[in-house]
Amino acid sequence: MSDRGYYEVLGVSKGASDDEIKSAYRKLAIKYHPDKNKGDKEAEEKFKEATEAYEVLRDPQKRQAYDQFGKAGVNAGAGGGYGAGAYTDFSDIFGDFGDIFSEFFGGGGGGGSRGGGRRSGPQRGSDLRYNLEVSLEDAALGKEYKIEIPRLETCVDCTGSGASKGSSPTVCPDCSGTGQVRRTQGFFSVTTTCPRCKGKGKVISNPCKTCKGEGLTEKRRTIHIKIPAGVESGSRLKVSGEGESGPNGGPSGDLYVVTHIKKHPVFERQGNDLIVQKSISLSMACLGGEIEVPSIDGKTIQLKIPEGTESGQIFRLKGHGIPYLGSYGKGDQHVIIKVEIPKKLSKKQKELMEEFARESGEKVGSGGKSKLFFR
């Protein structure tokens, strides 16, 4: 073993973080692993050297002792560093490097001791997501929708066992029903998915023809779901137990319905408020009056227009907006007024407007289309 310092061996600074130390060791372990460098004594020594350094620097107490006293401070309590009989939890280092383990151990499924394929025994089914387009009216008032979803359900022919009628699955002889096997080679001791049963813990000699041994078949089911008043785009509604059936008799997952509110031709939604534009005549803007305004529930609301109303003026109709989801009360409806200017006037209307202008002291009536003059 060389006399190089542990930080130098891993190629990191003395102030390196735990993640930096782990990453540096991972690269060296992959590069110099004996199974990838068979017969290369130098690579084997570098692998041992890197592992010894990592064993010390990964442990806060050992690292502190090393920083204060060097290797002597570590060896005094550890009995002399890393040897062939020492064991390191490589799954902690390589968590997502199942493909590398497959190369070292000749296949058999990815993952370290925390990974692996599907375990034996009952498992919860997968959750499902369904995107539902909802009209603004339904979002405001609430409505029951009927949706159709594809999902995996327990096979009715084999009742989920995966075996044909008259037969049953048997315990996998390779993993004894655990779904995983432990393999040791060189310095590694790794748990991987059992290649024979693919992690199920059982083997099926005569698979069910309907589900081909999976125990699940795809079905289309109609689900009734109540859309509550007040939902908005992105609201997620949970329907418990309406996801996919669980393998090996496990519980079903859940269904999540995500609402998307469609654009409305009249109303604009802002939170729980509604915005609507309403046009009025010039005479009503000047003299005032009363107009009918549509509401989201299909009814009409009488709105009084005061004298001198300007274009762009906003009137609030309190409590005529969208209900608050899961709470009490509603938002408001805001009416934006647009004053329409007549483009054509009758002779009588023109005379009245000219008289109005004279009373106001305005000079009007140049007539005709506008002209541009350039000097």
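Even glycines carry a Cβ here, placed using N, Cα and C.
The Zn(2+) 1 binding site annotation in Swiss-Prot covers CYS155, CYS158, CYS208, CYS211. Taking a C-beta cut-off of under 8 Å and a sequence gap of six or more, CYS211 (Zn(2+) 1 binding site) has these contacts in its own chain: CYS155, ASP157, CYS158, GLY162, THR217.
Swiss-Prot lists CYS172, CYS175, CYS194, CYS197 with the feature Zn(2+) 2 binding site. A 10 Å cutoff on Cβ-Cβ distances gives CYS172 (Zn(2+) 2 binding site) a total of 21 other Cβ atoms nearby, all chains included.
For 5-70, the entry in Swiss-Prot reads domain 'J', with the evidence type sequence analysis.
Swiss-Prot lists 155-162 (among others) with the feature repeat 'CXXCXGXG motif'. Taken as a whole, the repeat 'CXXCXGXG motif' (155-162) shows an average pLDDT of 89 in this prediction.
Positions annotated as repeat 'CXXCXGXG motif' by Swiss-Prot: 172-179 (among others).
Among the features that Swiss-Prot reports, repeat 'CXXCXGXG motif' is placed at 194-201 (among others).
Same-chain residues lying 6+ beyond the ends of the repeat 'CXXCXGXG motif' (208-215) with a Cβ under 8 Å from its Cβ atoms: 154-158, 160-165, 247-248. The repeat 'CXXCXGXG motif' annotation in Swiss-Prot covers 208-215 (among others).
Taken from Swiss-Prot, the feature zinc finger covers 142-220, and the record attributes it to sequence analysis. The zinc finger (142-220): residue composition by secondary structure is 0 helix, 35 strand, 44 coil, according to DSSP.
It is 18 Å from the Cα atom of CYS172 (Zn(2+) 2 binding site) to that of CYS208 (Zn(2+) 1 binding site). The record gives CYS155, CYS158, CYS208, CYS211 for Zn(2+) 1. Within 8 Å of the mean position of their Cβ atoms, the other Cβ atoms in that chain belong to VAL156, ASP157, THR159, GLY160, SER161, GLY162, ALA163, SER164, PRO207, LYS209, THR210, LYS212, GLY213, GLU214, GLY215, LEU216, THR217. Straight-line distance linking the Cα atoms of CYS194 (Zn(2+) 2 binding site) and CYS208 (Zn(2+) 1 binding site), rounded to a whole number, equals 22 Å. Neighbour count (other Cβ atoms within 10 Å of the Cβ, all protein chains): 26 for CYS197 (Zn(2+) 2 binding site). For CYS194 (Zn(2+) 2 binding site), the Cβ neighbour count at a 10 Å cut-off comes to 25, with all displayed protein chains included. Ranking the binding-site residues CYS158, CYS175 by other CB atoms within 10 A of the CB puts CYS175 at the bottom. A sphere of 10 angstroms centred on the C-beta of CYS155 (Zn(2+) 1 binding site) encloses 21 other C-beta atoms.
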